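Asker: As annotated in TrEMBL:
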| type | residues | note |
| --- | --- | --- |
| REGION | 1-105 | region 'Disordered' |
| COMPBIAS | 92-103 | compositional bias 'Basic and acidic residues' |
| TRANSMEM | 143-162 | transmembrane segment |
| TRANSMEM | 186-205 | transmembrane segment |
| TRANSMEM | 217-239 | transmembrane segment |
| TRANSMEM | 245-263 | transmembrane segment |
| TRANSMEM | 332-350 | transmembrane segment |
| TRANSMEM | 380-404 | transmembrane segment |
| TRANSMEM | 446-463 | transmembrane segment |
| ACT_SITE | 464 | active site |
| TRANSMEM | 475-496 | transmembrane segment |
| TRANSMEM | 508-527 | transmembrane segment |
C-alpha cells in the first residue's frame, strides 16, 4: 500500500498504473453503470476514502467517534447503493497532550458494495480507543458494570447480615418505634407544637411595619427578639428535660427550620419595603422574584411559606396543576420502607460496632482506625437512606400535596469534584438561603468573597453544633469543628482538582473525606461522649 505525495490516491493491486485524476473519475462515475457482481477483482482496485469524522469531545482527543454503519454508508454512497467517491485525506489528529496520534487513511477509488464482503476488505479503517480508556470511558454505557456492583453489594451485605444475626440475634424490639418511655418526652412535643406561634408574631410585626405603625429600627429589633426566642426556647426545654437523643434532635431540627424561615420572611419584607421607599420606582415595579411590592404581607402567604418545602420567602411560587394521588401513595410506601431500613441498620449494625469500640482519640490508634473503617459502610448506607427519604421522598411528597412547582431540592452532588461543589449541590434549600441571606448581603456590603464564605460556613457550623450537641447534652464542638474544617478541605480539593485536571481524582478525594474521615468519626466521638456523660452522672 502506498500513499501518494499529495495524499489524494492510494492503490492496491499488481498494476503500477497511476489512478486517473479525480475529475475524470467523477465524470466516469456519472456515465458508467455499477460494476457487475462478477467483476474481476484481480485487476487494479482502489479503496474508498475513509474520512476521519470527529464529534464533540472526540475532536480534541483524536478519537474516531463514527460508527461502522456510518463507514458503510460512506463506502456505499447512501441509500441507493451508488458508489461514493471522495478525495482521500491524510490528515493527522492531535490528542489532548499535543502528540500526533495517527494519520488518516487516505485512499481513493471506486469500490462496489460487494467488495465489502470479500476477505481482502479492510478490517481496520478508523482510530478507536478501548472502551475503558480515559478518552472514551465517559462516552460508554456502564449499565452492565452497575448491575454487577448491585449483585456484589447484595452478596457481600447478605453475608454480613447472616453473620450479624448469628452473632447478635435480632436486636430490634417491639418498642423501637414507640414505647412507654417516649411519654417522658411530652415537654418536647408541646414545645414543638408552640413553635408556629413565633411565625404569627413575625407576621404581626410585618403588618405594623408595612402600615408604618412602627419604625424600621423597632421592627428589626422585634424580629431579632422573635427569632432568638424561637431558637433558644427549644434549647432550654431539651437541656431541662432528660429526653431521648432522637426526640431532642427532631425538635432542634424543626426549630432550626422555623428560625431560617423567620429570618427569610423578615429579611425579604425589609428589602421589599426598602425598594418601595427608594427613588427608583422602576425597580419596585419589576417583579423579578415573584413579589408584588404594593401588596405587603398576607396571612395566607405566611402559612403557605411556613409549610412549603423551601426556606426562601416569596409571595408567589411556581405551581403545578394537580395532585397525583397514586404517585403520593407510592412515595409514602417507599418512605416507610426506607425509614425501616435505616432503623434496621442503626440497631443491627451501628449500635453493636460503637458499643464494642473505644474512644477514637483516647484508645489504640490501629483499633480506632479499624472501628472507623468498619463503621464507614453502615453509616454511609444510613446517610444515603436519610438523603433519599428526606430530600427526594418527603420533600417531593410535600411539594406534590401543596402543588409546589420548584422541586430542585438537590443536584447531582455524587459527581462533585471538590468539597465546594458538594456543599453547593447536596442541600439546595439551605444553599439558596445561605446565598440569599448571608453570602450576597456580605458581598453587597463590601466584604471580600473569602470572608463571606467564612461567615456562611460559620453560621452553618453553629446550627450543626446545635443539632448535635444539644440533644446529646454535651458541648464538645465536634460538629462545629467538622464544618469549619470544610474550609481548608475546599481549598485543598480545589488545588488538587486544578493540578490533576481530572474529574475522577477530585470525585475520589471527595468520597474519601465524606465516607471515612467524616461521618464515622463524628458518630464515634458523640457516642462515647454521651456514654461517658451517663457514667459520670
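For all residues, glycine too, the Cβ spot is worked out from N, Cα and C.
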Asker: Would you mind listing the long-range same-chain contacts of the transmembrane segment (380-404), meaning Cβ under 8 Å and 6+ residues beyond its ends?
Answerer: 304, 307-310, 317-324, 327-328, 331-332, 334-335, 338-339, 341-342, 345-346, 350, 410, 426-427, 429, 515, 519
Asker: Quickly jot the same-chain residues contacting the transmembrane segment (332-350) by Cβ under 8 Å, restricted to those at least six beyond its ends, or write none.
Answerer: 160-161, 164-165, 168, 170-172, 176-177, 375, 378-379, 381-382, 385-386, 388-389, 393-394, 397, 523
Asker: Who sits close to residue 464 (active site): which same-chain residues at least 6 apart have their Cβ under 8 Å from its Cβ?
Answerer: 479, 480, 482, 483
Asker: Please indicate, using numbers and ranges, the residues of the same chain that are 6 or more beyond the transmembrane segment (186-205) and have a C-beta under 8 Å from a C-beta there.
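Answerer: For the transmembrane segment (186-205), the list is 214, 219, 222-223, 226-227, 229-230, 233-234, 237-238, 240-241, 243, 247-248, 250-251, 254-255, 258, 261-262, 265-266, 297, 299, 302, 306.
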